[in-house]
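**Q** My questions will all concern the structure given below.
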Amino acid sequence: MKQIKKLLVANRGEIAIRIFRAAAELDISTVAIYSNEDKSSLHRYKADESYLVGSDLGPAESYLNIERIIDVAKQANVDAIHPGYGFLSENEQFARRCAEEGIKFIGPHLEHLDMFGDKVKARTTAIKADLPVIPGTDGPIKSYELAKEFAEEAGFPLMIKATSGGGGKGMRIVREESELEDAFHRAKSEAEKSFGNSEVYIERYIDNPKHIEVQVIGDEHGNIVHLFERDCSVQRRHQKVVEVAPSVGLSPTLRQRICDAAIQLMENIKYVNAGTVEFLVSGDEFFFIEVNPRVQVEHTITEMVTGIDIVKTQILVAAGADLFGEEINMPQQKDITTLGYAIQCRITTEDPLNDFMPDTGTIIAYRSSGGFGVRLDAGDGFQGAEISPYYDSLLVKLSTHAISFKQAEEKMVRSLREMRIRGVKTNIPFLINVMKNKKFTSGDYTTKFIEETPELFDIQPSLDRGTKTLEYIGNVTINGFPNVEKRPKPDYELASIPTVSSSKIASFSGTKQLLDEVGPKGVAEWVKKQDDVLLTDTTFRDAHQSLLATRVRTKDMINIASKTADVFKDGFSLEMWGGATFDVAYNFLKENPWERLERLRKAIPNVLFQMLLRASNAVGYKNYPDNVIHKFVQESAKAGIDVFRIFDSLNWVDQMKVANEAVQEAGKISEGTICYTGDILNPERSNIYTLEYYVKLAKELEREGFHILAIKDMAGLLKPKAAYELIGELKSAVDLPIHLHTHDTSGNGLLTYKQAIDAGVDIIDTAVASMSGLTSQPSANSLYYALNGFPRHLRTDIEGMESLSHYWSTVRTYYSDFESDIKSPNTEIYQHEMPGGQYSNLSQQAKSLGLGERFDEVKDMYRRVNFLFGDIVKVTPSSKVVGDMALYMVQNDLDEQSVITDGYKLDFPESVVSFFKGEIGQPVNGFNKDLQAVILKGQEALTARPGEYLEPVDFEKVRELLEEEQQGPVTEQDIISYVLYPKVYEQYIQTRNQYGNLSLLDTPTFFFGMRNGETVEIEIDKGKRLIIKLETISEPDENGNRTIYYAMNGQARRIYIKDENVHTNANVKPKADKSNPSHIGAQMPGSVTEVKVSVGETVKANQPLLITEAMKMETTIQAPFDGVIKQVTVNNGDTIATGDLLIEIEKATD
């Protein structure tokens, strides 16, 4: 035996590392080669020396260039080369050049490479050794005509195979004559590209066989043994995916016959070194396919079940050792046995749901499995590894070994689940499905297993919550939160969270239990019998909608939920859902409003939950088909809503009937609502909104069967004296409990409530002290003390109320960026009549449009627009119409006259057009006909209830659409959300997929990210907590990307974030020339939702050209005249600023 002192591995990745380890155990120095693309690959560092093979060579050529590799070997003074598998491992010329240079090639002899490197020669060799072979051509088929001739004789199905190589390349199954020609030419072409040899041969295709290979090893002394078989039947396109040793599905007799055949072949040719003899097995028949004259990827599992190191044996055999000598110490064939079973899974960056397309990118997290009976053979599986498109997508080979196949499979599932690989897609979920499939676990699978088992692809995407959370925090840290001033994260006080035990809450029996017991009518009767006034708390909805632009997040409500359940155990209801909270949750807070409802319902089981329902607008800004309203109410009731406050923004009772019917069907409480506007004390203010008007409406609502009558004073216009008169008249006119809602903008709210209570009101809306006043509701805490000594009082726990107020006073500071400009009582409300819930939202809109400094003008314009539109009731969505028009007129310096005179050439906000089309409803005094004509520009207006014109939504079609888009099941809640807000819902899903469940983050981190050195804890599930520390942030690179270094649960993580404030290649957008009528410019900043035309297209006057959106306000840009589109400067999704050129039209000539 000649000792090998220095060994070069002509390969890369995990097999190179495997060989280095074997050599190190034999005290042999090692040399690695690498390409330019592999400079950071792990195998380079696992050798004693490593050398770049040709800086001018491509990624594959570096490992295929024989002369360059030989040069490195000579310079490094190596005396042996191991080729691994793939690349040059079966290349006869490479082995010959090694021999010529006096370098030992660790592999079979040249004649073996020659006979097995060509599949036709291999077949001939097998026939000579008397092995059964698949009927086929005697040699390569030179032309399609000869292929066709053979097919006519042999019949179908057939397999066309490349004579060279392996790995499933150059192979095609042909099942009928029509497929033959294309398959023949494709197989030849693929063979040429893969192996540099286009020769193919044809054989009979064995349908549905097992693929069994036998591991053999021979030495230079004529000794040959087999190490039993491996089952490689789990394949995709003839490439192995999972291997098992030994095969579960073979009988002992058939196993022995196959292994004997393998030995028979190799002894016949005096084979040397490691190789595998491959067979197809069908029933009790088996057929020789080929020999792989090299080490195989799956050699690991044979090593595990036999205890024999195949790679070390290869090296020692090449050095001249005897298999049965003391260096190798191989047992005699009769003494070689297997212990238990082993399974190998190849973990790759392939995406099974995208036709196994290899993914590329940076591995940002890598956590291995391990433990008893687990083996890992890793290549580029490590954190920070750049996965390129140049090489095999294999990251690591995971092998498990156990005494039984079932235990090995269980160990594999555990190990696969334990792996954490982030930054690239992997096939791990697919492999888990393979392991758990009954066909696999029984051993009753064939080479068609993957093809015939579609349930293997029922893959739930990895939650990857840690990485998604880090990416969101990184992005908001670097780029800030939309409409929040970009600044360092403030050092907020941590809110003290009072809690109440779940057992105590479970003991409460409140209005929720009363409803379940006596039903809606029973609750109404109970309310009327109460001496004290009852409370509805609005802190969870209208209070923060009015004060903080609806921005309060679910987490801050959940934190205080148990205490709220305790404090309001004697209250009537908690208003906590509906209105603007629905779309704002999706759109701005990036959380699911249904999840909020269900989580709060679970935490507060004892008090009625109340929502604001915009009648036929549901929680949207337009009318929806009747079946949408029914479905929305049905789903809301199931999720936890008990009281539906139903209103129409124009007080049109016809619009409220469908919603009332739906609520009654659901067995819930229906509040018929009158929206209060004007001033019943001042006849000069309006001859429309009189006391008689409201009494008439109340009687109409009673006739419709509503359970409770609500007065919604959305702007806080109801003065104390007016409240006394109105409530008194209504109590006389109808036999319904009366529920009053107001806003404290003027500072008169408490007195208004006192007068209403004296007049007999049954329920009032208040908020806890720190979330009350101004545009919110009056303070419940203050009202408690104000009513001391009076006959009617509040049933509430005042100490508990103070505790809630302390909590909210701290939490409110987190939302300071969304506070409105009103800092004190403001009697301007009696002039502009803006709803409290709209004030802070409109202020935010104005700021986003660059009108923050002109908000006083916006408020005045709001008043003027109201009278321009005919003095309408102003509450969502009608208030949005007035607000959109006010912003539009201030932005474009318009007044009432210019709207009438120049309106024909103006593109009005979509909500305004919709209003004048009658899509929201009919104002009590009708429309201003002149203004309607200008705004509609010939469009026809509705004259009846919009729902009568709308086709029912086909929910099953929506389900199919969403399931296709989301690649999985969808809920009824998803369906109704999409119907109400398709774009908003889709954007939310996109954000959820990108960043995960953001409602779990604490609010300061959600809005501001993290400071350097800061640590936050995020509970992502029961008993699962992420502890995240932001270590440091790099400077931006040349592309504007920053690297953020975290420690997550003590493990280093890196995330790459594009800094949007770093301009690498400035893209200056052209501006519209105001004097050029052909230039269509952006009238407001925002984004492009949809471009409807293309260059060269002929358009007509008033034809929609594109749709823009700014802060939920859509505008359709129309052609000012007939013409041809000369240029379009924007695309869907582009951000635009006021004055940006969008489209240029060449006017048509007469």
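For all residues, glycine too, the Cβ spot is worked out from N, Cα and C.
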**Q** For the ATP site that Swiss-Prot assigns to Lys161, His211, Glu278, which of the candidates Lys74, Lys104, Lys119, Lys334 is also assigned?
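**A** Among the candidates, Swiss-Prot records only Lys119 at this ATP site.
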**Q** Can you match one of Lys569, Lys712, Lys719 to the Mn(2+) site that Swiss-Prot gives for Asp542, His741, His743?
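**A** Looking at Lys569, Lys712, Lys719, the one Swiss-Prot places in the Mn(2+) site next to Asp542, His741, His743 is Lys712.
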**Q** Which residues of the same chain, at least 6 positions away in sequence, have a Cβ lying under 8 Å from the Cβ of Lys712 (Mn(2+) binding site)?
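**A** The list for Lys712 (Mn(2+) binding site) reads Arg645, Phe647, Thr673, Ile674, Cys675, Tyr676, His741, Val875, given in order along the sequence.
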**Q** Which one is it: of the binding-site residues Lys119, Lys161, His211, Asp542, whose Cα lies the shortest distance from the Cα of Arg294 (active site)?
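**A** Comparing Cα positions, the candidate nearest Arg294 (active site) turns out to be Lys119.
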**Q** Near His544 (substrate binding site), how many other Cβ atoms are within 10 Å of its Cβ?
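**A** Taking all protein chains shown, His544 (substrate binding site) has 29 Cβ neighbours within 10 Å.
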**Q** Between the Cα atoms of Gln545 (substrate binding site) and Glu278 (ATP binding site), what distance do you get, rounded to the nearest Å?
**A** 71
**Q** Specify the count of other C-beta atoms within 10 Å of the C-beta of Lys161 (ATP binding site).
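**A** For Lys161 (ATP binding site), the 10 Å Cβ neighbour count is 27.
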**Q** Looking at the binding-site residues Lys119, Lys161, His211, which has the shortest Cα distance to His743 (Mn(2+) binding site)?
**A** His211
**Q** Can you see whether DSSP assigns Asp542 (substrate binding site) to helix, strand or coil?
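**A** Its secondary structure by DSSP: helix.
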**Q** Look up His741 (Mn(2+) binding site) in the DSSP assignment and reduce it to helix, strand or coil.
**A** strand
**Q** Between the Cα atoms of His211 (ATP binding site) and Arg541 (substrate binding site), what distance do you get, rounded to the nearest Å?
**A** 64
**Q** Express the distance between the Cα positions of His544 (substrate binding site) and Lys161 (ATP binding site) as a whole number of Å.
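**A** Pair distance, Cα basis, whole Å: 70 Å.
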**Q** Distance between Lys119 (ATP binding site) and Arg541 (substrate binding site) at the Cα atoms, whole Å?
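**A** For Lys119 (ATP binding site) versus Arg541 (substrate binding site), the Cα atoms are 75 Å apart.
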**Q** Using C-alpha atoms only, work out the spacing between Ala543 (substrate binding site) and Lys161 (ATP binding site) and round it to an integer in Å.
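**A** Cα-Cα distance, Ala543 (substrate binding site) to Lys161 (ATP binding site): 73 Å.
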